[in-house]
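These notes concern the structure reproduced below.
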Amino acid sequence: MHLSDNSAATAPVTPAEWIRRAPKAVLHDHLDGGLRPATIVELARACGYAGLPTEDPAELAVWFRDAADSGSLERYLETFAHTCAVMQTREALHRIAAECAEDLADDGVVYAEVRYAPEQHLEAGLTLDEVVDAVNEGLREGERRTGGKITVRALLTGMRHTRRSLEIAELTVAHRDRGVAGFDIAGGEIGNPPAEHLPAFQHLKRHNCHITIHAGEAVGAESVHEAVQVCGAERIGHGVRITDDIAADGTLGHLAAYVRDNRIALEVCPTSNLQTGAAVSYEKHPIDELRRLGFTVTLNTDNRLVSGTTMSEEFQHMADAFGYGPEVFEEFTVAAVEAAFLPLPERRRIIDEIVRPGYAQVGSTPRS
Ligand SMILES: O=c1[nH]cnc2c1ncn2[C@@H]1O[C@H](CO)[C@@H](O)[C@H]1O
Ligand SMILES: [Zn+2]
(Lines of atoms letter the chains of each structure in order from A and count residues from 1; the text may use other names and numbers.)
(Lines give C-alpha, C1' and ligand atoms only; values in the text may rest on other atoms or scores of the structure.)
(Ligands and ions follow the chains in the order given, each with its own letter.)
Protein backbone atom coordinates (compact mmCIF):
# COMPACT_ATOMS: atom_id res chain seq x y z
CA MET A 1 0.00 0.00 0.00
CA HIS A 2 1.50 3.32 -1.06
CA LEU A 3 0.11 6.29 0.75
CA SER A 4 0.22 8.29 -2.47
CA ASP A 5 -2.42 5.88 -3.82
CA ASN A 6 -4.98 6.86 -1.25
CA SER A 7 -4.21 10.56 -1.00
CA ALA A 8 -7.65 11.12 -2.56
CA ALA A 9 -9.07 10.01 0.77
CA THR A 10 -7.91 13.25 2.33
CA ALA A 11 -8.74 15.62 -0.54
CA PRO A 12 -11.47 18.03 0.60
CA VAL A 13 -14.71 17.83 -1.35
CA THR A 14 -17.68 20.17 -1.32
CA PRO A 15 -20.76 18.16 -2.08
CA ALA A 16 -23.28 19.59 -4.53
CA GLU A 17 -26.33 21.15 -2.89
CA TRP A 18 -28.71 18.57 -4.39
CA ILE A 19 -26.64 15.81 -2.79
CA ARG A 20 -26.93 17.45 0.62
CA ARG A 21 -30.69 17.82 0.18
CA ALA A 22 -31.27 14.28 -1.11
CA PRO A 23 -32.57 11.87 1.55
CA LYS A 24 -29.87 9.46 2.69
CA ALA A 25 -29.73 6.38 4.90
CA VAL A 26 -26.63 5.12 6.68
CA LEU A 27 -26.37 1.60 8.10
CA HIS A 28 -22.70 1.68 9.06
CA ASP A 29 -21.60 4.64 11.19
CA HIS A 30 -19.60 4.24 14.42
CA LEU A 31 -20.64 6.49 17.29
CA ASP A 32 -17.06 6.57 18.58
CA GLY A 33 -15.71 7.36 15.10
CA GLY A 34 -17.93 10.39 14.47
CA LEU A 35 -17.57 12.87 17.33
CA ARG A 36 -17.40 16.62 16.77
CA PRO A 37 -13.75 17.65 17.27
CA ALA A 38 -14.78 20.60 19.48
CA THR A 39 -16.76 18.21 21.69
CA ILE A 40 -13.71 15.95 22.13
CA VAL A 41 -11.60 18.93 23.20
CA GLU A 42 -14.23 20.14 25.70
CA LEU A 43 -14.85 16.69 27.15
CA ALA A 44 -11.11 15.95 27.40
CA ARG A 45 -10.67 19.11 29.49
CA ALA A 46 -13.67 18.25 31.66
CA CYS A 47 -12.55 14.68 32.38
CA GLY A 48 -8.83 15.42 32.61
CA TYR A 49 -7.77 13.37 29.58
CA ALA A 50 -4.35 14.74 28.63
CA GLY A 51 -3.58 12.42 25.72
CA LEU A 52 -5.02 14.43 22.80
CA PRO A 53 -2.48 15.24 20.08
CA THR A 54 -3.80 18.87 19.94
CA GLU A 55 -6.45 20.97 21.66
CA ASP A 56 -7.35 22.89 18.51
CA PRO A 57 -10.55 21.38 17.05
CA ALA A 58 -9.64 22.10 13.41
CA GLU A 59 -6.16 20.61 13.86
CA LEU A 60 -7.65 17.65 15.68
CA ALA A 61 -9.97 16.88 12.76
CA VAL A 62 -7.00 16.88 10.39
CA TRP A 63 -4.94 14.79 12.81
CA PHE A 64 -7.57 12.03 12.92
CA ARG A 65 -7.91 11.85 9.17
CA ASP A 66 -4.16 11.81 8.61
CA ALA A 67 -3.45 9.28 11.37
CA ALA A 68 -6.18 7.01 10.04
CA ASP A 69 -4.86 7.34 6.49
CA SER A 70 -2.34 4.62 7.23
CA GLY A 71 -2.98 1.78 4.81
CA SER A 72 -3.64 -0.60 7.70
CA LEU A 73 -6.83 -1.38 9.62
CA GLU A 74 -4.87 -1.92 12.83
CA ARG A 75 -3.35 1.57 12.70
CA TYR A 76 -6.68 3.07 11.66
CA LEU A 77 -8.21 1.58 14.82
CA GLU A 78 -5.49 3.01 17.11
CA THR A 79 -7.02 6.48 16.73
CA PHE A 80 -10.16 5.38 18.60
CA ALA A 81 -8.24 5.46 21.89
CA HIS A 82 -8.70 9.25 21.88
CA THR A 83 -12.44 9.19 21.25
CA CYS A 84 -13.20 6.37 23.68
CA ALA A 85 -11.17 8.19 26.36
CA VAL A 86 -13.78 10.98 26.48
CA MET A 87 -16.80 8.64 26.23
CA GLN A 88 -16.84 7.27 29.76
CA THR A 89 -19.66 9.10 31.52
CA ARG A 90 -23.39 9.13 31.12
CA GLU A 91 -23.37 12.86 30.27
CA ALA A 92 -20.64 12.49 27.65
CA LEU A 93 -22.36 9.55 25.96
CA HIS A 94 -25.71 11.35 25.99
CA ARG A 95 -24.23 14.48 24.45
CA ILE A 96 -22.23 12.62 21.80
CA ALA A 97 -25.26 10.53 20.80
CA ALA A 98 -27.51 13.60 20.55
CA GLU A 99 -24.93 15.47 18.46
CA CYS A 100 -24.50 12.42 16.24
CA ALA A 101 -28.23 12.40 15.40
CA GLU A 102 -28.16 16.17 14.79
CA ASP A 103 -25.08 16.02 12.53
CA LEU A 104 -26.48 13.16 10.46
CA ALA A 105 -29.84 14.93 10.05
CA ASP A 106 -28.06 18.13 9.09
CA ASP A 107 -26.40 16.18 6.28
CA GLY A 108 -29.77 14.96 4.97
CA VAL A 109 -29.69 11.53 6.59
CA VAL A 110 -33.25 10.39 7.33
CA TYR A 111 -32.46 6.96 8.75
CA ALA A 112 -29.32 5.87 10.60
CA GLU A 113 -28.03 2.85 12.45
CA VAL A 114 -25.23 3.96 14.74
CA ARG A 115 -22.95 1.37 16.31
CA TYR A 116 -20.52 1.31 19.22
CA ALA A 117 -18.94 -1.21 21.59
CA PRO A 118 -20.46 -0.82 25.08
CA GLU A 119 -17.48 -2.62 26.64
CA GLN A 120 -15.23 0.31 25.66
CA HIS A 121 -17.15 2.75 27.87
CA LEU A 122 -16.79 1.18 31.31
CA GLU A 123 -13.56 2.84 32.51
CA ALA A 124 -15.25 5.34 34.85
CA GLY A 125 -17.53 2.77 36.43
CA LEU A 126 -20.63 2.71 34.21
CA THR A 127 -22.32 -0.65 33.75
CA LEU A 128 -23.07 -2.02 30.28
CA ASP A 129 -26.78 -1.26 30.79
CA GLU A 130 -26.04 2.31 31.84
CA VAL A 131 -23.94 2.84 28.72
CA VAL A 132 -26.74 1.61 26.45
CA ASP A 133 -29.37 3.68 28.26
CA ALA A 134 -27.26 6.85 28.05
CA VAL A 135 -26.66 6.43 24.31
CA ASN A 136 -30.31 5.61 23.62
CA GLU A 137 -31.51 8.63 25.58
CA GLY A 138 -29.03 10.82 23.70
CA LEU A 139 -30.19 9.49 20.35
CA ARG A 140 -33.84 10.17 21.30
CA GLU A 141 -32.88 13.70 22.36
CA GLY A 142 -31.07 14.23 19.05
CA GLU A 143 -34.09 13.00 17.08
CA ARG A 144 -36.30 15.45 19.02
CA ARG A 145 -33.92 18.37 18.39
CA THR A 146 -34.15 17.76 14.64
CA GLY A 147 -37.93 17.89 14.83
CA GLY A 148 -38.20 14.25 13.80
CA LYS A 149 -36.24 14.66 10.57
CA ILE A 150 -34.24 11.55 11.36
CA THR A 151 -34.89 8.10 12.86
CA VAL A 152 -31.87 6.54 14.58
CA ARG A 153 -31.33 3.05 15.95
CA ALA A 154 -28.30 1.67 17.78
CA LEU A 155 -26.32 -1.47 16.98
CA LEU A 156 -24.22 -2.97 19.77
CA THR A 157 -20.75 -4.08 18.73
CA GLY A 158 -18.72 -6.87 20.27
CA MET A 159 -14.96 -6.49 19.80
CA ARG A 160 -13.24 -9.32 17.96
CA HIS A 161 -10.15 -9.39 20.15
CA THR A 162 -11.93 -9.49 23.53
CA ARG A 163 -14.06 -12.22 25.00
CA ARG A 164 -17.19 -10.26 25.88
CA SER A 165 -19.27 -10.89 22.77
CA LEU A 166 -21.76 -13.21 24.51
CA GLU A 167 -22.38 -10.53 27.14
CA ILE A 168 -22.91 -7.93 24.40
CA ALA A 169 -25.24 -10.31 22.59
CA GLU A 170 -27.24 -10.68 25.82
CA LEU A 171 -27.26 -6.90 26.17
CA THR A 172 -28.60 -6.60 22.62
CA VAL A 173 -31.44 -8.99 23.42
CA ALA A 174 -32.21 -7.14 26.66
CA HIS A 175 -32.41 -3.74 24.94
CA ARG A 176 -34.14 -4.79 21.74
CA ASP A 177 -37.33 -2.83 21.08
CA ARG A 178 -35.84 -0.04 23.21
CA GLY A 179 -33.65 1.60 20.62
CA VAL A 180 -31.25 -1.27 19.90
CA ALA A 181 -31.83 -2.86 16.51
CA GLY A 182 -29.04 -5.41 16.21
CA PHE A 183 -25.54 -6.70 16.88
CA ASP A 184 -22.17 -6.30 15.13
CA ILE A 185 -18.61 -7.55 15.50
CA ALA A 186 -15.74 -5.12 14.81
CA GLY A 187 -12.03 -4.63 15.48
CA GLY A 188 -8.90 -6.07 13.89
CA GLU A 189 -9.97 -8.76 11.42
CA ILE A 190 -6.64 -10.52 10.97
CA GLY A 191 -6.28 -13.40 13.44
CA ASN A 192 -9.74 -12.82 14.94
CA PRO A 193 -12.24 -14.84 12.92
CA PRO A 194 -15.92 -14.23 13.72
CA ALA A 195 -16.59 -17.93 14.41
CA GLU A 196 -14.66 -17.49 17.69
CA HIS A 197 -17.79 -15.64 18.84
CA LEU A 198 -20.21 -18.41 17.97
CA PRO A 199 -21.93 -18.51 21.39
CA ALA A 200 -22.88 -14.83 20.89
CA PHE A 201 -24.38 -15.51 17.46
CA GLN A 202 -26.23 -18.57 18.72
CA HIS A 203 -27.76 -16.50 21.52
CA LEU A 204 -28.87 -13.82 19.04
CA LYS A 205 -30.36 -16.42 16.69
CA ARG A 206 -32.20 -18.08 19.56
CA HIS A 207 -33.79 -14.70 20.26
CA ASN A 208 -34.41 -13.78 16.60
CA CYS A 209 -32.09 -10.75 16.71
CA HIS A 210 -30.48 -9.03 13.75
CA ILE A 211 -26.78 -9.55 13.00
CA THR A 212 -24.26 -7.68 10.87
CA ILE A 213 -20.53 -8.45 10.91
CA HIS A 214 -17.48 -6.51 9.73
CA ALA A 215 -15.91 -8.91 7.21
CA GLY A 216 -13.99 -8.87 3.96
CA GLU A 217 -12.15 -5.67 4.87
CA ALA A 218 -8.64 -6.76 5.92
CA VAL A 219 -9.23 -10.47 5.24
CA GLY A 220 -10.59 -11.96 2.03
CA ALA A 221 -13.66 -13.88 0.96
CA GLU A 222 -13.15 -16.62 3.58
CA SER A 223 -13.99 -14.06 6.26
CA VAL A 224 -17.24 -13.17 4.47
CA HIS A 225 -18.03 -16.87 4.14
CA GLU A 226 -17.60 -17.45 7.86
CA ALA A 227 -19.65 -14.36 8.73
CA VAL A 228 -22.56 -15.39 6.50
CA GLN A 229 -22.55 -19.18 6.65
CA VAL A 230 -21.18 -19.92 10.12
CA CYS A 231 -22.29 -16.87 12.10
CA GLY A 232 -25.53 -16.00 10.31
CA ALA A 233 -24.84 -12.38 9.34
CA GLU A 234 -27.75 -10.75 7.47
CA ARG A 235 -25.55 -7.90 6.28
CA ILE A 236 -21.80 -7.50 5.89
CA GLY A 237 -19.80 -4.51 7.09
CA HIS A 238 -17.59 -3.56 4.11
CA GLY A 239 -17.51 -6.98 2.42
CA VAL A 240 -15.59 -5.53 -0.51
CA ARG A 241 -13.17 -8.44 -0.64
CA ILE A 242 -16.02 -10.62 -1.84
CA THR A 243 -14.36 -9.68 -5.14
CA ASP A 244 -11.84 -12.46 -4.34
CA ASP A 245 -14.67 -14.80 -5.35
CA ILE A 246 -15.45 -13.00 -8.61
CA ALA A 247 -13.43 -13.77 -11.76
CA ALA A 248 -12.09 -11.01 -13.99
CA ASP A 249 -14.86 -11.70 -16.52
CA GLY A 250 -17.52 -11.22 -13.82
CA THR A 251 -18.21 -14.91 -13.19
CA LEU A 252 -19.31 -15.37 -9.58
CA GLY A 253 -18.03 -18.13 -7.32
CA HIS A 254 -20.53 -19.90 -5.09
CA LEU A 255 -20.05 -17.57 -2.12
CA ALA A 256 -20.39 -14.39 -4.19
CA ALA A 257 -23.46 -15.85 -5.86
CA TYR A 258 -24.97 -16.72 -2.49
CA VAL A 259 -24.39 -13.19 -1.17
CA ARG A 260 -25.83 -11.58 -4.29
CA ASP A 261 -28.74 -13.97 -4.76
CA ASN A 262 -29.83 -13.71 -1.12
CA ARG A 263 -29.58 -9.93 -1.27
CA ILE A 264 -27.17 -9.82 1.68
CA ALA A 265 -26.50 -6.09 1.87
CA LEU A 266 -22.92 -4.89 1.70
CA GLU A 267 -22.31 -1.86 3.91
CA VAL A 268 -19.71 -0.22 1.68
CA CYS A 269 -17.55 2.62 3.05
CA PRO A 270 -15.27 3.87 0.25
CA THR A 271 -13.20 6.51 2.06
CA SER A 272 -12.52 4.21 5.01
CA ASN A 273 -11.48 1.48 2.56
CA LEU A 274 -8.93 3.81 0.98
CA GLN A 275 -7.49 4.62 4.39
CA THR A 276 -7.17 1.01 5.57
CA GLY A 277 -5.89 -0.28 2.23
CA ALA A 278 -9.03 -2.30 1.40
CA ALA A 279 -9.28 -0.32 -1.88
CA VAL A 280 -6.73 1.70 -3.86
CA SER A 281 -8.75 4.65 -5.17
CA TYR A 282 -12.33 5.84 -5.57
CA GLU A 283 -12.17 5.13 -9.30
CA LYS A 284 -10.96 1.57 -8.73
CA HIS A 285 -13.27 0.89 -5.80
CA PRO A 286 -15.23 -2.36 -6.40
CA ILE A 287 -18.56 -0.74 -5.45
CA ASP A 288 -19.37 -0.03 -9.09
CA GLU A 289 -18.58 -3.54 -10.27
CA LEU A 290 -20.58 -5.03 -7.39
CA ARG A 291 -23.54 -2.81 -8.20
CA ARG A 292 -23.43 -3.74 -11.88
CA LEU A 293 -23.31 -7.43 -10.96
CA GLY A 294 -26.52 -7.04 -8.97
CA PHE A 295 -25.24 -7.07 -5.39
CA THR A 296 -27.25 -5.21 -2.77
CA VAL A 297 -24.93 -2.27 -2.24
CA THR A 298 -25.35 0.45 0.36
CA LEU A 299 -23.13 3.50 0.79
CA ASN A 300 -21.87 4.43 4.26
CA THR A 301 -19.48 6.65 6.20
CA ASP A 302 -17.93 4.13 8.66
CA ASN A 303 -16.38 6.91 10.78
CA ARG A 304 -17.20 10.53 10.00
CA LEU A 305 -14.45 12.03 12.15
CA VAL A 306 -11.78 9.37 11.72
CA SER A 307 -12.29 9.12 7.96
CA GLY A 308 -12.99 12.86 7.62
CA THR A 309 -16.20 12.28 5.72
CA THR A 310 -19.99 12.64 5.63
CA MET A 311 -22.70 10.83 3.69
CA SER A 312 -22.83 13.75 1.25
CA GLU A 313 -19.09 13.53 0.69
CA GLU A 314 -19.28 9.78 0.07
CA PHE A 315 -22.05 10.44 -2.47
CA GLN A 316 -19.97 13.16 -4.11
CA HIS A 317 -16.90 10.92 -4.35
CA MET A 318 -19.01 8.24 -6.05
CA ALA A 319 -20.61 10.80 -8.36
CA ASP A 320 -17.14 12.02 -9.38
CA ALA A 321 -15.69 8.52 -9.80
CA PHE A 322 -18.58 6.82 -11.61
CA GLY A 323 -20.86 9.59 -12.85
CA TYR A 324 -23.67 8.55 -10.52
CA GLY A 325 -26.72 10.80 -10.51
CA PRO A 326 -29.84 10.90 -8.31
CA GLU A 327 -31.19 7.60 -9.72
CA VAL A 328 -28.23 5.66 -8.36
CA PHE A 329 -28.29 7.42 -4.99
CA GLU A 330 -32.00 6.72 -4.73
CA GLU A 331 -31.19 3.05 -5.44
CA PHE A 332 -28.52 2.99 -2.69
CA THR A 333 -30.84 4.72 -0.24
CA VAL A 334 -33.79 2.44 -0.91
CA ALA A 335 -31.46 -0.58 -0.64
CA ALA A 336 -30.22 0.68 2.72
CA VAL A 337 -33.70 1.24 4.15
CA GLU A 338 -34.83 -2.14 2.82
CA ALA A 339 -31.86 -3.75 4.61
CA ALA A 340 -32.46 -1.77 7.83
CA PHE A 341 -33.00 -3.68 11.05
CA LEU A 342 -36.47 -2.12 11.40
CA PRO A 343 -39.91 -3.70 11.20
CA LEU A 344 -41.01 -3.97 7.56
CA PRO A 345 -43.89 -1.46 7.82
CA GLU A 346 -41.47 1.17 9.18
CA ARG A 347 -39.04 0.52 6.35
CA ARG A 348 -41.86 0.87 3.83
CA ARG A 349 -43.06 4.08 5.44
CA ILE A 350 -39.59 5.66 5.25
CA ILE A 351 -39.19 4.63 1.61
CA ASP A 352 -42.68 5.68 0.47
CA GLU A 353 -43.14 8.82 2.55
CA ILE A 354 -39.59 10.20 2.74
CA VAL A 355 -37.09 8.67 0.31
CA ARG A 356 -39.17 8.41 -2.89
CA PRO A 357 -40.77 11.88 -2.54
CA GLY A 358 -37.38 13.37 -1.65
CA TYR A 359 -35.76 12.04 -4.82
CA ALA A 360 -38.77 13.08 -6.91
CA GLN A 361 -38.03 16.63 -5.76
CA VAL A 362 -34.28 16.34 -6.41
CA GLY A 363 -35.07 15.17 -9.92
CA SER A 364 -37.42 18.07 -10.61
CA THR A 365 -35.09 20.86 -9.53
CA PRO A 366 -32.00 21.99 -11.43
CA ARG A 367 -28.89 20.21 -10.16
CA SER A 368 -25.92 22.31 -9.28
O1 LIG B 1 -13.92 -0.31 9.65
C2 LIG B 1 -13.76 -0.82 10.76
N3 LIG B 1 -13.37 -2.11 10.84
C4 LIG B 1 -13.25 -2.77 12.02
N5 LIG B 1 -13.47 -2.17 13.20
C6 LIG B 1 -13.84 -0.87 13.18
C7 LIG B 1 -14.00 -0.14 11.99
N8 LIG B 1 -14.34 1.12 12.32
C9 LIG B 1 -14.40 1.18 13.66
N10 LIG B 1 -14.09 -0.01 14.19
C11 LIG B 1 -14.01 -0.39 15.60
O12 LIG B 1 -15.32 -0.49 16.12
C13 LIG B 1 -15.30 -0.02 17.45
C14 LIG B 1 -16.71 0.22 17.96
O15 LIG B 1 -17.36 1.25 17.28
C16 LIG B 1 -14.37 1.16 17.38
O17 LIG B 1 -13.88 1.53 18.65
C18 LIG B 1 -13.28 0.64 16.47
O19 LIG B 1 -12.30 -0.03 17.22
ZN1 LIG C 1 -16.93 -0.09 10.63
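Just so you know, the numbers here start at 1 and follow the chain as drawn.
Heads up, the Cβ atoms here are built off N, Cα and C, so glycines get one too.
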Zn(2+) binding in TrEMBL involves HIS28, HIS30, ASP302; of HIS121, HIS214, HIS225, the partner in that site is HIS214
Looking only at the binding-site residues HIS28, HIS30, ASP32, GLY187, HIS238 (site 'Important for catalytic activity') has its closest CA neighbour at HIS28
Reduced DSSP state (H/G/I helix, E/B strand, rest coil) at HIS214 (Zn(2+) binding site) is strand
Counting every protein chain shown, other Cβ atoms within 10 Å of the Cβ of GLY187 (substrate binding site) number 17
Comparing the Cα of ASP32 (substrate binding site) with the Cα atoms of the recorded positions HIS214, GLU217, ASP302, the shortest distance belongs to ASP302
Of ASP32, GLY187, GLU217, HIS238, ASP302, the recorded positions whose C-beta sits under 6 angstroms from any atom of ligand 2 are ASP302
